[in-house]
There are 2 protein chains.
Amino acid sequence: MALTPKTLPIPSTKTIHLSATSTEYDIHIGQGLLSTLHPRLQKLAGGKSYRPFLITSPNIWKLWSKQVRASFPEAESPTVLFLPPGEKHKRLPAVESLAEQLAQHGADRDSILIAFGGGVLGDITGFLAAIYMRGIPYVQIPTTLLAQVDSSVGGKTGVNLAAGKNLIGSFHHPRAVFADIALLKTLPPLELRSGLQESIKAGIIADPKLFAYLEQNNELIANGDPEALTKVVTASIKVKANVVAKDERESGLRMTLNFGHTLGHAIEAATGYKKLLHGEAVAWGSIAALHVALARKVIDPDTFARMANLILSYGPLPRFKATASDLVALTSSDKKTRSGRRAFVLPTGIGSTEIVYDVTDEELTAAAESMLQTMRATGVKPS
Amino acid sequence: MALTPKTLPIPSTKTIHLSATSTEYDIHIGQGLLSTLHPRLQKLAGGKSYRPFLITSPNIWKLWSKQVRASFPEAESPTVLFLPPGEKHKRLPAVESLAEQLAQHGADRDSILIAFGGGVLGDITGFLAAIYMRGIPYVQIPTTLLAQVDSSVGGKTGVNLAAGKNLIGSFHHPRAVFADIALLKTLPPLELRSGLQESIKAGIIADPKLFAYLEQNNELIANGDPEALTKVVTASIKVKANVVAKDERESGLRMTLNFGHTLGHAIEAATGYKKLLHGEAVAWGSIAALHVALARKVIDPDTFARMANLILSYGPLPRFKATASDLVALTSSDKKTRSGRRAFVLPTGIGSTEIVYDVTDEELTAAAESMLQTMRATGVKPS
């Protein structure tokens, strides 16, 4: 007798419980979570009826639709809606189009959205869930390392304006996150390494053990060993979940997650959000931030070197075209600016940080210049 | 020596404090609040610097810009952004356009939006505040009676989809509401009377005294007597604030505010949101709901007559074209439907209600038919 999907055992996974002010939920990390999606959603719904709507991109669906479908009894299979891949679709018209489709399919407050894709798709789907009928539940199934270790956790959702990235959005937490390590098998190696830059960030700001593990297992991790990746993803998510639990709305501590992102975002803006992957831009931004810390002597040259080397060891990082002053000028529209004051995250050692508000444009320009020197020396041609 | 705007005394007003789970704020009702806007915003900001952005429509600004400007020292005058009037602009592209303008003017999380207009403008501005940089503060200065007694209070914000009204939105409470009765002087009489239908609703569902006051002072109120309107607006807002305080997210009690709206929304949909004012559609919807209650004998014929007469006495109400079955078919997309069950609010007496889930299409069709008979007998040509 064949097993029905319902009776498949749920394989053992690591679970991180995120308990914040407004909500709490579990983040599951493991291999093959996809095949148990249906019983997991049933558990989440607590026996109540719910209608699943899965939002994904055509290329991801081509790779994984069989596994997803196999988890559901045919009658309960999710309605699938598509979003073309790419940052350029991360805008309000895409949200409106998906919302119209939800309405046409009769989605209501007892429906649940499933964000099945990378960070952009997760941000859009989370935002759609935040504003459809003033908020409906959703879960995240991140398909990239970057989305698994960063964007799928923490409830930040949103889209871009022409005037800047993520200027439109909501805090809306998923009901659960399923980080299936098996999904990373089909990820291009460059995307994997780029995503690992956010894990390096997690190590730098909050987890010396993760930092050391990344140093010591570079080859295993960068080559996508599932066991090693499970460890890295779990530790990275723990850092993020811990920060979000303590500062859900980014009034303080959560800003530390922004390490490397002030100039990282500027680099993305300077290159039209096209030439570099997010993790690559953050890597260069982190190096610049390290230079600020070094110049201020909040870290010593040895710590600087260990941090910079770890970042570069998960490269090679691509070159890009921008001057230091261009980049500094582009930091002024960052959302982390409040009434003109720019919050800046400095590491004070491996696993510790401080937030300062007095980094001057001159300091930042000098640090960006030092970073650009490293780029000219070590950067490779963008692929 | 001339008085500076800052030193003008704040005239006495009625203040209702709304304390809900997620937030609390004051709703001020009085005459001439506009002239004290600047000191009031300063008080709200608690001495912190803030940048005001006022969102309004050109026609409203033409009438009241002088008073608003006079309240502010010139250097602190709000940046004014315009939204064309009308429900057809209550869509995501209008929100996106305003958000781009905010970003271009450097609005950040320490900015405050001022929604200065009717219900549509308040809904859009509130939603813009909800999603710009994942949420910034705003205040409501409703310029219509409908917006004063209903939409400006309670934190429901949003826009329409092609598929239906208010299908996109957020719960995002204002920091304060300023209901300036003086603004109603320039309101067309028809809009005033239409808005009063929401006050009648408040009386029916929760306030016998307000109900009686509306019965006994019809002429004074409908002719816009400021004292009488202040009483009606205050009592109506109290009903709403009390309900919202107890059930912010509409899991139960708040649904009672939906009395008359199930068929009211259907009538608006059937007439393309053009022929009837919202209050007029709700008035007919209320009469239909009363017929359901009468048929079920949850109200006696005398109570039915008092309620129906009060509604009709603030008419005349316009005729419209739709069959009972058209209207019932249009109720199925109502947001109050959950997993196919339709919540329906029935009055059980003056000032009390019950929510039922078992109203059948047949009952609703019969009630709509009775309402249409009244309409054919008493309805006037739409103006």
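Positions of Cβ are set from backbone N, Cα and C atoms, glycine also.
Unlike curated entries, TrEMBL annotations are predicted automatically.
Note that the structure is predicted; figures quoted are calculated from it, not measured.
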Quick check on the annotation: TrEMBL has B:Gly119, B:Val120, B:Leu121, B:Gly122, B:Asp123, B:Thr143, B:Thr144, B:Lys156 binding NAD(+), so which of B:Lys165, B:Lys201 does it put in that site too?
B:Lys165
Considering the Zn(2+) binding residues B:Glu198, B:His278 given in TrEMBL, which of B:His173, B:His261 is annotated for that site as well?
B:His261
Could you tell me which of these binding-site residues, B:Lys165, B:His261, B:His278, has the greatest number of Cβ atoms within 10 Å of its own Cβ?
B:His278
Let's check the environment of B:Asp123 (NAD(+) binding site): how many other CB atoms sit within 10 Å of its CB?
25
Show, in sequence order, which residues other than B:Glu198, B:His261, B:His278 on the same chain lie with their Cβ within 8 Å of the centre of the Cβ atoms of the Zn(2+) site.
B:Leu146, B:Asp150, B:Gln197, B:Lys201, B:Gly260, B:Gly264, B:Gly279, B:Ala281, B:Val282, B:Gly285
Would you kindly give the Cα-Cα distance separating B:Thr144 (NAD(+) binding site) and B:Glu198 (Zn(2+) binding site), rounded to the nearest Å?
12
Quick one: largest C-alpha distance among B:Gly119, B:Val120, B:Leu121, B:Gly122, B:Asp123, B:Thr143, B:Thr144, B:Lys156, B:Lys165, binding NAD(+) per the record, in angstrom?
21
Give, as a single whole number between 0 and 100, the mean pLDDT over the domain '3-dehydroquinate synthase C-terminal' (B:195-337).
93
Reported as an integer number of Å, what is the Cα distance between B:His261 (Zn(2+) binding site) and B:Thr144 (NAD(+) binding site)?
19
